[in-house]
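A.B. asks: Mind having a look at this structure? Questions to follow.
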Amino acid sequence: MKTIKLLKTAIDIYYYLMLMALVFGVITLPILLFTNQSYQVNIFDSEPIDLGMLDTLETLIIVVSMIAVLGIYFVAIRLIKQTVNIMSYGNYFSDDVIINLKKIGQLFIVCAFGFSVLKLLINLVLFSQFSININSTFMIFLIMGLFMMFLSEAFASAKQMKDENNLTI
């Protein structure tokens, strides 16, 4: 049981740090976008991007895409936090855990493709390059998404076996 408490603490810390970064971003993003000053942003593993030198449409495309993908990622992390919280009380095979694991898997798969599309948009808008590549971010999110969906199916099967076992006793 110490492992689940450690996991819960680590996820809580990560979640609240993400929440603080989100609040900081919401406060500073409008200031940065409307000052027309030069500021560089390093998005993922790309070269530093000077968002101050972009026109309004380019900035809007990149920022809206980034907010959408990071929003989906944030929802997935929130669901992980909720699921671990439920499991910390010993409710491993509840319907909420099974449903959340499936949703987390689906959201991670969407994140895999979303981050790839975002990288494609950045290369297309900023560098006028059309390049599609499969990087480690894509593979990690895809693998984790499929694994979460598998866990959802495994937990559903275990719940069914547990329910059948309870009926026979």
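Glycine residues also receive a Cβ, built from the backbone N, Cα and C atoms like all the rest.
Predicted automatically and left uncurated, TrEMBL annotations should be read as such.
Take a look at what TrEMBL says about it:
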type	residues	note
TRANSMEM	12-34	transmembrane segment
TRANSMEM	60-80	transmembrane segment
TRANSMEM	107-126	transmembrane segment
TRANSMEM	132-152	transmembrane segment
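What's the neighbourhood like for each of these?
C.D. replies: Only residues 6 or more beyond the boundaries of the transmembrane segment (60-80), in the same chain, are considered here, and those with a CB under 8 A from a CB of the stretch are 11, 14-15, 18, 22, 29, 33, 43, 49, 51, 54, 100, 103-104, 107-108, 110-111, 114-115, 117-118, 121-122, 125-126.
Tertiary neighbourhood of the transmembrane segment (107-126): same-chain residues 43-44, 46, 49, 54, 58, 61-62, 65-66, 68-69, 72-73, 75-76, 79, 132-135, 137-142, 144-146, 148, selected by CB-CB distance under 8 Å and a gap of 6+ residues from either end.
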